[in-house]
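Trainee: Just passing along the structure, written as structure tokens.
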């Protein structure tokens, strides 16, 4: 008799993806983030669903409905803060996941990588629209500033902005459509994740050495299922500690003030996970130039497979490239810090230098260093 797990049309898909999947024997904890992102997505959809049951997408009641969730709904505060801090965890894992891909050369799986970059854009769009929903000061002004950037697009810009707003300013129509998109996007993201995994399973996972591991594979279950469960346990401990002890640590106090179109906050800034891109945007004293730099700061990820000039795939055995990689990480941390600072001296100059260094490192330094390493190894 055949095993149902291997013969049933639906169950065998799960079997080939999570049970009998041949996986490299040497993948480290850096390979845990994919599963953690999956758990994050599930958690966000679940908590978001319960929040949507009590939320009202109307400018007059949105802020009050969020307050009502926190005060009157059973464990509403828990659901709300798990959703808000879950988004932060999501982005931490996303950045680790991308960093892992860059360090170990996983971007040479071009289909998987490009779908991943599109996923990043989709998640960023979802998070941005979610931040608008509580209709606090930073929600309103964040939405105004970011949507206004589209007016920099030549010819169609101003019309496009009014079309997105559904009027002549960020108002009821904007909030309603942002709620609709914020609700639907995670399901589109889920579908994209499935495509991401489909492409990944065509090639199999990369590993820290960057070499072909076909000769040394182990079954995903039980080895990596137990490893993933440990990662999930650590994630839940971190998330619940954040939610229970310092739920507002990563938020903005301005968002506890209801949105007021007549009063601009002194410092308009997005959530922490967008600050690096926001710093790049602000470092260019031209609207269109800033918007292009902002888009290319993420889109540049798609160039990694093209810019790869080393004879080795991974950075594991390339100390010079490793130095540059960590320089890039430090650079992004500096950009994140600058994004949260007011637009004044010396922050403007630091931001401009960090923005130039970001693009220079990726486009010039990393490929040329890889070529130099090839030469040093007489390859």
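Note: Cβ is positioned from N, Cα and C throughout, glycine not excepted.
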Trainee: Would you mind telling me which of 136-156, 157-177, 178-198 Swiss-Prot tags as transmembrane segment?
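Mentor: The listed stretch tagged transmembrane segment in Swiss-Prot is 178-198.
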Trainee: Match it up for me: which of 33-53, 54-74 does Swiss-Prot list as transmembrane segment?
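Mentor: The range carrying the transmembrane segment annotation in Swiss-Prot is 33-53.
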Trainee: For the transmembrane segment entry in Swiss-Prot, name the matching range from 263-283, 347-367.
Mentor: 347-367
Trainee: What range among 205-225, 226-246 does Swiss-Prot describe as transmembrane segment?
Mentor: 226-246
Trainee: For the feature transmembrane segment as recorded in Swiss-Prot, pick the matching range from 11-32, 77-98.
Mentor: 77-98
Trainee: Are there residues at least 6 beyond the ends of the transmembrane segment (33-53) whose Cβ is under 8 Å from a Cβ of it, and what are they?
Mentor: 69, 79-80, 82-83, 86-87, 89-90, 93-94, 96-97, 100, 182-183, 186-187, 189-190, 193, 228, 231-232, 235
Trainee: Taking a Cβ cut-off under 8 Å, which residues six or more beyond the ends of the transmembrane segment (288-308) line up next to it in the same chain?
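Mentor: Same-chain contacts beyond the flanks: 98, 102, 105, 107-108, 110, 113-114, 117, 120-121, 124, 149-150, 152-154, 276-278, 280-282, 355, 358-359, 362-363, 366-367, 370.
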Trainee: Minimum Cβ neighbour count within 10 Å among the binding-site residues 83, 97, 196, 201: which residue?
Mentor: 201
Trainee: I'd like the Cβ neighbour count for residue 182 (heme b b562 binding site), meaning other Cβ atoms within 10 Å of its Cβ, all protein chains included.
Mentor: 21
Trainee: Cα-Cα separation of residue 196 (heme b b566 binding site) and residue 83 (heme b b562 binding site), in Å?
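Mentor: One finds 24 Å between the Cα atoms of these residues.
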